[in-house]
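Features as listed in TrEMBL:
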type	residues	note
SIGNAL	1-25	signal peptide
DOMAIN	66-377	domain 'Plant heme peroxidase family profile'
DISULFID	CYS76-CYS157	disulfide bond
SITE	ARG103	site 'Transition state stabilizer'
ACT_SITE	HIS107	active site, proton acceptor
BINDING	ASP108, VAL111, GLY113, ASP115, SER117, GLU130	Ca(2+) 1 binding site
DISULFID	CYS109-CYS114	disulfide bond
DISULFID	CYS163-CYS373	disulfide bond
BINDING	PRO205	substrate binding site
BINDING	HIS235	heme b binding site
BINDING	THR236, ASP285, THR288, ASP293	Ca(2+) 2 binding site
DISULFID	CYS242-CYS273	disulfide bond
Amino acid sequence: MAYSTTTTVALQVAGLLLALTAVAASANMMSGSAAPVNKSCVTGSAGAAVSIGYGGARASAGAGVSLGAGAYRATCPRAEEIVRAGVERAVAADPRMAASLLRLHFHDCFVNGCDGSVLLDDKPPFFIGEKTAVPNANSLRGFEVVDAIKAELEQECPETVSCADLLAIAARDSVVVSGGPTWEVEAGRKDSRTASLQGANANLPAPTSGVATLIQKFRNVGLSAKDMVALSGAHTIGKARCTSFSARLASGAGVSFSTAADMGFLQSLQQLCSGSAGSALAHLDLATPATFDNQYYINLLSGDGLLPSDQALASPLGATVPGGADDVDVAGLVAAYAFDASVFFQDFAESMHQMGRLAPGGGGGNGEVRVNCRVVNSSS
């Protein structure tokens, strides 16, 4: 697939990034990171552990839920090893699976907290879960990988490791196996006995969302505008169907393009999608599609963001954040992450930690550890 990586654009981006040194330094202070500036503007420390300040201490994520690092050290010592090996096998067979497993955790946590509800199969007419919601139908994948890992966990230590924890660990390992940062995953979640189709349709951001809508969606579940920008960086891996960015091709998603290269990028996508009835897949990051790095943000600065919701982050119009205690210069943060991958890695790990603490609204007291992630235990 053709994309705009011409010398002219490279020079323009390089010049812009150098001019944004002050912005990056400001973001370092904002994130509390003391990491040195990455002069390459592209690479970070792949797999490097980042410190996010919780030190393994247990923390309440809602009534009835107590999360902590090393939760399975005594009850299932090989739990994380089993999950990691399963993720590595799956990604080796299908590199796209890393993004799919990461996305499963995101779509789980945004609907009634991180409770494994996204994994429940429909049982019409009695139960319709989240899999057929508009953001999920014919889009979420990786369920068979989760099934295989869960089967190994059940053989090793029956009824011990929840499906919700499995997703959280697998998401971390998917980032690591793709070259991104690692962090300690807090565990202790319970699995929900229900799911919410309405919640999935209402809570999950759409690929056409503008900055204000994206921020509000994150604030609705207790995450900040900064979390939104950092977690959007997950789009440095994975693919999207043409139907997800058709609005981008039609109008540029409200972003002003200033170079012929920008238009060349869109024209290459139009060529890919023409005649495919929207089913063709494009890399979210055309430059380094299988590597978890900060290239996603560099792409945004050159107008090469795939989804309308992605490219909107770099628009000057996106710099105005609705009022709130978490005000942040969205476009400035995009530039900071493009300039210094280590800042992005640090903030991404912190935001994943925060998202992983999203608990069910009613707490976890009524949860369980499912034996089969697709069905509640009473239906097994």
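Glycine is treated like the rest: Cβ placed from N, Cα and C.
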Given the binding-site residues GLY113, ASP115, GLU130, HIS235, ASP293, state which is nearest to ARG103 (site 'Transition state stabilizer') when distance is taken between Cα atoms.
HIS235
Sequence order is fine: just name those recorded positions in HIS107, GLY113, GLU130, THR236 with a Cα within 10 angstroms of CYS163 (disulfide bond).
none
Rank the binding-site residues ASP108, ASP115, ASP285, ASP293 by how many other Cβ atoms lie within 10 Å of each Cβ and give me the one with the fewest.
ASP293
Candidate nearest CYS242 (disulfide bond) in space, where candidates are the binding-site residues VAL111, GLY113, SER117 and distance is Cα-Cα:
VAL111
Could you check which of these recorded positions, ASP108, CYS109, VAL111, sit within 10 Å of the residue listed as 'heme b binding site', going Cα to Cα?
none
With an 8 Å cut-off on Cβ-Cβ distance and a minimum sequence separation of at least 6, pull the same-chain contacts of CYS157 (disulfide bond), or say none.
TYR72, THR75, CYS76, ARG78, ALA79
Ca(2+) 1 site, defined by ASP108, VAL111, GLY113, ASP115, SER117, GLU130: further same-chain residues with Cβ within 8 Å of the Cβ centre:
HIS107, CYS109, PHE110, ASN112, CYS114, GLY116, VAL118, ALA164, SER192, ALA195, SER196, GLY199, ALA200, PRO360
List only the single closest residue to GLY113 (Ca(2+) 1 binding site), chosen from the recorded positions HIS107, ASP293, CYS373 by CA-CA distance.
HIS107
Of the recorded positions listed as PRO205, THR288, CYS373, the one whose CA lies nearest the CA of ASP115 (Ca(2+) 1 binding site):
CYS373
Rounded to the nearest Å - Cα separation of CYS273 (disulfide bond) and CYS114 (disulfide bond):
35
Quick one: mean pLDDT on the domain 'Plant heme peroxidase family profile' (66-377)?
91
Listed in sequence order, residues not in THR236, ASP285, THR288, ASP293 with Cβ within 8 Å of the centre of the Ca(2+) 2 site Cβ atoms:
ILE237, ALA287, PRO289, THR291, PHE292, ASN294, GLN295, TYR296
Pick the one among the binding-site residues GLY113, PRO205 whose Cβ has the fewest other Cβ atoms within 10 Å in this structure.
PRO205
